[in-house]
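Here is what TrEMBL records for this protein:
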ACT_SITE  117  active site, proton donor
BINDING   22, 23  phosphoenolpyruvate binding site
BINDING   93, 122, 123, 124, 125, 126, 161, 162, 163, 164, 305, 327  UDP-N-acetyl-alpha-D-glucosamine binding site
DOMAIN    7-406  domain 'Enolpyruvate transferase'
MOD_RES   117  2-(S-cysteinyl)pyruvic acid O-phosphothioketal
């Protein structure tokens, strides 16, 4: 097992280049199944969720060729299996996108209940609602989801709640259905739009992505393409917060500033300087962090994935801040770790109240999930002294080369082997 060792208290300075968006990649990779052809996917982040997606494709019969670290050629012409191995599907939440893609192309699919971060219940009822409306039958037995259809026909579907996953599965399953499918109350996140753009480049007819209503007119056949994934706005936001939290000055490159607007607006209100350029942002801070009120919402509201990082920043604000988590139930699990460092935080249900302290102290920490782990990295960078973070596999699910990128900004961080607990206690 490995851990991060971080000696903090130093402002971050320099430039960092953002990788491709994880949440777009894990939808686009299953979508290559629909092409039944060769696709070249560029700007893929080198992270474990992408590695699992590629392994699933290979297991299903796809040919995978690495062209460089972030570019893969994927040939799905001769897929010969529609059952995703349960050990792989349980490693990542986004494995459910293989349901929509396989159902659309083959009329059947089987995937284990998805894994990933434990952020509370992640119901798949809206996904199954889509499949059923299009004419598929589904069953959930012993943790396995099976969907089958003799044919798929367009339908008018209203989502009971805004769901990124169900919106993306709606597009995946409808692109080759007979007739038109109308999806209402859709998620508007940038990675939803990115998936729609990829599908259209492969010959699909998807309109309205990024709005409440998406219309998908089924096509008989799709084809391959070369496609570059958008930059990861959450990775960009993470480095923005890290720069602000350490009182640094960082140029964050390969970003889409419009995708960062909810994050930029909150940072500016907290007293952080943010300069926007065509494909980069510069973040710096010299004064105090000002308190904020944050309510997480679906896009274009403040993203839930950024909530733990902003919580760390607000733990040293000059005053009282509140964060209301409106998306996931278990997003405040990082608070216990933050309290170890001297933070004063009270959680009541979905609301956390932060009383700003002068500084955070180093402590032994653990990453309970992907974004909580990133928040712990920022907290350790803020603290004067050395902190250790365990369970870093969560972090590496979503952040490419985080150690190298932070070192490039002057951070003192290393990844080391952690001694097994049984051996540690025997010494």
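The backbone N, Cα and C atoms fix where each Cβ goes, glycine too.
Projection of TrEMBL feature records onto the structure.
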residue	record	DSSP (3 states)
22	phosphoenolpyruvate binding site	helix
93	UDP-N-acetyl-alpha-D-glucosamine binding site	helix
125	UDP-N-acetyl-alpha-D-glucosamine binding site	helix
161	UDP-N-acetyl-alpha-D-glucosamine binding site	coil
305	UDP-N-acetyl-alpha-D-glucosamine binding site	helix
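Around residue 125 (UDP-N-acetyl-alpha-D-glucosamine binding site), the same-chain residues at least 6 positions away in sequence with a Cβ under 8 Å from its Cβ are 160. Annotation for residue 305 (UDP-N-acetyl-alpha-D-glucosamine binding site): spatial neighbours 234, 237, 371, criterion Cβ-Cβ under 8 Å with sequence separation of six or more. Taking Cβ-Cβ distances under 8 Å and a sequence separation of 6 or more, the neighbours of residue 22 (phosphoenolpyruvate binding site) in its chain are 45, 47, 49, 50, 232, 234, 235, 397, 398.
A straight line from the CA of residue 93 (UDP-N-acetyl-alpha-D-glucosamine binding site) to the CA of residue 23 (phosphoenolpyruvate binding site) spans 11 Å. In the structure as shown, the Cβ atom of residue 93 (UDP-N-acetyl-alpha-D-glucosamine binding site) sits within 10 Å of 21 other Cβ atoms. A separation of roughly 19 Å, to the nearest angstrom, links the Cα atoms of residue 161 (UDP-N-acetyl-alpha-D-glucosamine binding site) and residue 23 (phosphoenolpyruvate binding site). Cα spacing between residue 163 (UDP-N-acetyl-alpha-D-glucosamine binding site) and residue 23 (phosphoenolpyruvate binding site): 13 Å, rounded to the nearest whole number. Around the Cβ of residue 163 (UDP-N-acetyl-alpha-D-glucosamine binding site), the number of neighbouring Cβ atoms within 10 Å comes to 23.
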